[in-house]
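The NADP(+) binding site annotation in TrEMBL covers Ala71, Val72, Lys73, Pro74. Marked as domain 'Pyrroline-5-carboxylate reductase catalytic N-terminal' by TrEMBL: 7-99. Annotated domain 'Pyrroline-5-carboxylate reductase dimerisation' per TrEMBL: 163-269, in sequence order.
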Amino acid sequence: MTKEISVALVGAGAMGGALLRGWLSAGTIDPAASAVFDPAADAALKKLARRHDFALNPSPEGISVDALVLAVKPQAAASVLPAYAAIARSALVISVMAGMSLAAIGRALGDPPRVARAMPNLPAAFGAGVTGLYAPATVNAHGRDVIDRLMAATGETVWVRSEEEIDFVTAVSGSGPAYFFLLTEALAEAGAALGLEKEAAQRLARATASGAGAMLAADPRSPADMRKAVTSPGGTTAAALGVLDGDAKALRRLMKEAAAAAAKRAAELTE
Ligand SMILES: NC(=O)C1=CN([C@@H]2O[C@H](COP(=O)(O)OP(=O)(O)OC[C@H]3O[C@@H](n4cnc5c(N)ncnc54)[C@H](OP(=O)(O)O)[C@@H]3O)[C@@H](O)[C@H]2O)C=CC1
Ligand SMILES: O=C(O)[C@@H]1CCC=N1
């Protein structure tokens, strides 16, 4: 049987909390040997700690774990991380922070020997996440296996070739769920503008987005082939796609601009 991983998680907000819940339900981590740090822990986190018996906000001194996972806001990292430097000396450090470089993490933690970056996304909370991963050569095959096991507990994993590519992962899949939520909001608003009741339009848009997601998850066809399957020649979908994807390729152009803005922001956060 594969050994459960002991983890110290710093920051159990939206993303850290989703990862924690995924690890606990998949049995990936050993809760009794793990610790979670989040000073203003809410009632749900306290309840989770009691149910699974992990340490919540213990003193970081003397804690020894397989992996130290960093999930605080990048803007808070420089002031928060130094308290975990001792843990980082012996643990594999995995940062899920957007735009916080290996060099900056190293500076904040006193240059620990093994640091890697992971960029998960929020559907991890439902086991439907995808995480981009990068580790430098200082992380050996065993370390990579630990990282992969932790992140695969919440969905798919994709290793990338360079640290720079983590910014591109952030722009595509880290931030990506928000793009689909916005599209869903926009579709509901369009339905209401046509004359549907607001609630009916919202239900239709949400179920359509989730149905399309279910097809993407289960149907082996490419997204382009599935789009063609919905589109009858000369029909209604073709009329709509003429606006979204006609000669001006409006949506594709907008998506490129949006992803470029996200990648640029990730690079700025690093500076
Ligand atoms: N949200 C997302 O979809 C994704 C986020 N990320 C990355 O994950 C990281 C966290 O983002 P997100 O979860 O959205 O942010 P949240 O604000 O939801 O979570 C951050 C958590 O860290 C806590 N915190 C603050 N100070 C400390 C401290 N000193 N020690 C321990 N915990 C502390 C915060 O508590 P409090 O609220 O009380 O300040 C909060 O619960 C970011 O770096 C982000 O780039 C990566 C991929 C996707
Ligand atoms: O918006 C952000 O900066 C974080 C990183 C990816 C998703 N949320």
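Cβ atoms here come from the backbone N, Cα and C positions, even for glycine.
Those residues of the chain, other than Ala71, Val72, Lys73, Pro74, with a C-beta within 8 angstroms of the mean position of the NADP(+) site C-beta atoms are Gly11, Gly13, Leu70, Gln75, Ala76, Ala77, Val80, Met97, Met100.
For the recorded site, Pro74 (NADP(+) binding site), the DSSP three-state label reads helix. Within 10 Å of the Cβ of Val72 (NADP(+) binding site) there are 22 other Cβ atoms, across all protein chains. Ranked by Cβ neighbours within 10 A across all protein chains shown, the binding-site residues Ala71, Lys73, Pro74 are led by Ala71. Taken residue by residue, the domain 'Pyrroline-5-carboxylate reductase dimerisation' (163-269) breaks down under DSSP into 89 helix, 0 strand, 18 coil. Sorting each residue of the domain 'Pyrroline-5-carboxylate reductase catalytic N-terminal' (7-99) by its DSSP state yields 43 helix, 18 strand, 32 coil.
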